[in-house]
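Novice: Sharing the feature lines straight out of TrEMBL:
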type   : residues : note
DOMAIN : 352-499  : domain 'U3 small nucleolar RNA-associated protein 15 C-terminal'
REPEAT : 119-160  : repeat 'WD'
REPEAT : 162-204  : repeat 'WD'
REPEAT : 247-288  : repeat 'WD'
Amino acid sequence: KMSHFQATNVRRFQQKAQVVTPDTIYWDRLGKPELLKEHSTIDYVDFSPSDPDNFVLTCSVRVQIYNLVTKLVVKNLSRFQKTAYGASFRQDGRLLAAGDEEGHVKLFDTTSRNILRLFKGHTAPVHRTFFTADKLQLASFADDKTVRLWDVANEKVVKTYEDAHTDYIRAGAMHPQASHLFISGGYDGKINVYDTRTEAAITSTLDHGSPVESMLFLPNGSIFITAGGTQVRVWDMISGCRLLTTMSQHHKTVTCLRLGSDGKRLFSGGLDRHVKIYDVSTYKTVHTMTYPNAVVSLGVAARDQAVVVGMVDGLVSIRRMVDDSKPSELKGIKFTHRRKQRMKQRVAPPNTTEQVDHVVRLGRKRLVQRIFDKHLRKFNYKEALDSVLIPIYIEKQPELVVALLNELLHRKGLQRALSNRTEETLIRFVQFLCTHIGEVRFMRVLLNAASSVLDVFESTTFAYSDNLVNALSELNKVMYAEIRLTTELLELKGALEMIIGGALDNNEAADTISYVQTNAAKMVPSKAAESYVVVVE
């Protein structure tokens, strides 16, 4: 009674090795996601500049400040009659502004949770509010197609930009250094650039091409980035707001943008459930993170200590940077095992009773595998090796050859398969080793196969032709080249680690971000703020 024969595993050699870059190593240090669940869409996420462990979530009628470590609510700002939008901190972390469905803009003291100012004037929901660089004024972007600039101290409107857009205004950004410059983006696909010093209300109007969902400035203020549709666009403010580049890495709407790594990396989140990370020096994607649902908001802590993502179903994912994490080979094994288990559950039971319309037969690729599996079943190792050592498989599908070699090595049958061979077959085999031994996915198997070849020559005495000697000499050169390359890479790695370690030690103090709390006069709530009452229905 024959035991069950398991077909040779070819898939493990089909996938090429993933290119490991410094970014993949760095962002893989983000720990497993810790989840929070709110009742509705997470509209906005913002980290406190003064306390990086605190971040604010805007969801439904609540604005809540969470602690990153405990995952608990530290402050609950629930003074909203209708849905709140876009709660964001001032640069010093003392104040927090948020718009709402009523068209009001509320200014909160993050310590006492009191409403300090109530800005009224918009006739439609206000989705985004941001402070100017000097912290003295506040800009609001609303669905009534207007942008308003408010004075924080006296609760007065400084300037109103009427009909700035022809559709809802859902995005805006303030210049990080110049308090007189800011931009707005609307669902009409237009981008407006404002300068409060000029007589003209709007200095430039650009076309993004899709409804603008999010926008931001790079830290130096010379470049701003807009997101809308499936595109992220980069504009140069110095050269007349010229379009520098367009990134189309998402296949659904891009909803949010954020900066990380002290402005050296750009994050974009979209409805395709992905968060893309770009290098701002090249604007190329360096890493991708996948989430269980559509991403609508995103926050990145100082020094990349955490990435918080808000999703359309109210789920909040918190991934904190783990300093002592090390790459684990078990991670891939566990994932493969889980994937196999899920695949087994998805496979339907065999249909033995119902009539079928068509019978789908296995293609040629499956038959190729069955050829050497048939020989392996009968322990005909030489015939199995001959069935794959033909030009079409050596050139087009080397993974088939390597899969068979791996199986023969496992059975301790490769030396038997190579014994008493013609010179032509041995030369073809050695040439295959020389061609593919440098590939990471094949290297371990082919090194063991090369050792078996030498064992065959050691145990057999016969005259070597010039062609066979040349093939073995080529294998010798390839092996020495691989050893030399490995040695050079290890030396380079050691040198880079010393340079990077020294640079980090020297710049650690210089890169520290600190905010000095001045003894400014404490703001007191205005009359309008004191008299505001939330009616509970």
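Cβ atoms here come from the backbone N, Cα and C positions, even for glycine.
Nobody curates TrEMBL annotations by hand; they come from automatic prediction.
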Novice: Do any residues of this chain, six or more beyond the ends of the repeat 'WD' (247-288), have a C-beta under 8 angstroms from a C-beta of it, and if so which?
Specialist: 21, 23-24, 27, 213-216, 218-220, 225, 227-234, 294-300, 303-304, 307, 309, 312, 511
Novice: How does the repeat 'WD' (119-160) divide up by DSSP, counting helix, then strand, then coil residues?
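Specialist: Counting residues per DSSP class in the repeat 'WD' (119-160), I get 0 helix, 23 strand, 19 coil.
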Novice: With DSSP as the reference, give the number of residues of the repeat 'WD' (247-288) in helix, strand and coil.
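Specialist: Its residues fall into 3 helix, 25 strand, 14 coil.
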